[in-house]
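The structure appears right after this line, and notes come after that.
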Amino acid sequence: MSWPDPAARPTPSAALVVTVFLGVCTSLLPLLRVVEPGGWVGGVAGIAILVLSGGHVARRLRAPAYGVALVEVGLWTVAMTALFSGGTAILGVIPSLETLRMVPVSVDAALGQIRDGAAPLDVGQPLAMMIVGAAGLLVIAMDHVAVTARMPMLAIVGLVAVYLIPSIAAPSAIDPLGFAAFAGSALALLAVETATRERPRVRERAVPDAPERPRGSAAAPSAIATVAILAALVVTPALPAPTGAGSTVVAVRGNSIDPSLELGQDLRRPQEVDVLTLRSDAPAPPYLRAVTLSTFDGAHWEADRGSRRPLDQGLQPVTTRADVEVDEYTATIDILNFVSPWLPVPGAATEVEGLDGQWSVYDYNRTVISRSSSPQGQDYEVTYEVPRPTLEQIRGSEASIEGSRRTLALPGDDDLVAQVRQLAIEVAGDAGNDYDTLVALQRWFRGTSFEYSLSAPVADGFDGSGLEAVTDFLEERSGYCVHFASAFTIMARSLEMPARIVVGYLPGAATDERVDDQTVHTVVSSQLHAWPEVHFEGIGWVPFEPTNSLGVPTGFAAASTSGGPAGTDTGPLPENAPQEGEAPDAQDPGALDETAAPDAAATRVNTTPVVGLVAAIAALLITPALFRVVRRRGRLRAAAEGDAAAAWAEVSDSATDLGVRPGTGETPRAFGVRLRDAGAPEAPVSKIVAAIERASYAAGGRAEAEDLAAAVEEIRAALRGSGDSRGRFAATFAPASLFTASPRARGAGRSAG
């Protein structure tokens, strides 16, 4: 923005600069949920202080706006070079050609880590450089919007957008303290800017005791800021997680996995993609596990976390009782379209070869994960072992585990848990051991009283994995893998058996291709799956398959039965078996006709997150326009009754919105000349100028009542017509008059010359 003369520029305010600093810093607080704290935090604070201090000094020296910008960009460049040039800079602070060549490489590495990593991300130098650099540029932008352009509301809208990005990337509950800090900083920015703005001189009133119209210059922006912040921060985190193809930490998609157990929206997608190919020397291809969920709070399941070690140090061997047979197999996996921090591997993997990147493993559940690498495009071989107890051995083993209470934990004193436990006891009947009890549960879920359905949970409102959703599922008896696995696991825990949930993929469908005399299976996105595991002493974690009409149910052969036991390495799907994303075939005895295909509403791509986000942004953008409309209508009503001050204030604000700002101390007649030069017709301008001058000089500060509203509207329409589309858009959605003091007749008593 330009000021009439250098002397008219607002005096630089250190307090305003401090509020900009606080606003930027608090807007970045949610970033701590998705990025591990480290040296980058100090880098962000340091570069913000450096840039803002330099800009403030430049303003104190009366530098023009572009001069301030040059100073700040220069300081940002020097700081970034000093911090991240890696010794390639001239004198350590001046970027060289080699320094510049490093920038796209580092940016690409940082974007790769964001794309392929899992929250919270470990921060290497490339990602730290991107965060600190982006924060510095944000500081420069906010400084010029709030301090140079004196548009604090626009700055707050930008900061709200920054605050929301981590919430969209990794949805979680609102942090009350963080929100309070951010909201307080935003409102402080608005209050300080309003208080430090150089207000135009109010005209001398003809009658000293005549009542002065309230300005309300701070009230409207404060109200806008409060409404905008609350609307954006309360509504947006409540939206469903976005399912765009670019995210790897947000939603469960067919070509990615997030352990939120919200698989339904992915499985209902009408399109599917090939995720990977699999071949194995086992009698049947294995399920592929990726994420293990053991922690349950009654509403949500959480992925296992804890200490991990480098994968290149090897995985622990499978430990069983000496009399339990263990078979060893190899599986070759070729990733086609799977971008995730978790690596799909068979259940009891003992060795992984051919994998590029830095990977680590949780020994206690054999989850293979990377914070910086991706499975995408990789081809690797996994050695895995399968315990094969006899039926007698597993019946004689107790379902228990030492030192892991979380696989038994359920919310205490919960009536729903008691209901689930009672139902589990009834289903188990007279089963004489833990294994037979679990098989009874598995058989019950896979029987004709249950059906596989992707649409029923949505239609009936229980599309989740918490206790309430599970109890609703047990009543409706219609759902998909998440409901079957969650219900089975909770029922097992209610009977004091350690159980957990695994998210991964079904073994896929056989193709005509063979490699090394092994049949190649293709796994598609609709075969994303969840299943339970129960731990047996001396045997280990045993998978079960309760999902009706999918997979192969767990079962073990008696020692006297010819052939090997079955069950732990679930076999391939029958040719006519449905995939996870399909409804059961009508010929399946456990299926009902109405589940032959999900209904049309259930198969549409979920656009709610996109629509909701657009609506939230639109609400932020339209709020200033609504306040401006309310103010204009109130003034026009007063102007129609002859209120010259209201008419003059509206003409001045309309002109300000369109870039014709009244000068400090400028008389009404002088401003009227500028309005005519800007395209306003002479007659209505003269009428308004004469009215405000009469109001200034008339006895009692009043003029004869006449309708001034039409003249105000005519001036506004002419000014809008003479401007360009960009100016009209800004005047409508970012009216500058909301962020300046309400104008009054200035120096009306002076000569008109």
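Placed from the backbone N, Cα and C atoms, the Cβ positions cover glycine too.
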| For the record in TrEMBL, which of the ranges 360-398, 555-593 is the region 'Disordered' one? | 555-593
| Hey, which bits of the same chain come close to the transmembrane segment (127-146), Cβ under 8 Å, at least six residues off its ends? | 16-17, 19-21, 23-24, 28, 31, 35, 38-40, 43-44, 47-48, 51-52, 55, 65, 68-69, 72-73, 76, 79-80, 83-84, 106-107, 109-111, 113-114, 121, 152, 154-155, 158-159, 162, 189, 193
| request: Would you mind splitting the domain 'Transglutaminase-like' (473-548) into helix, strand and coil residue counts from DSSP? | output: 21 helix, 36 strand, 19 coil
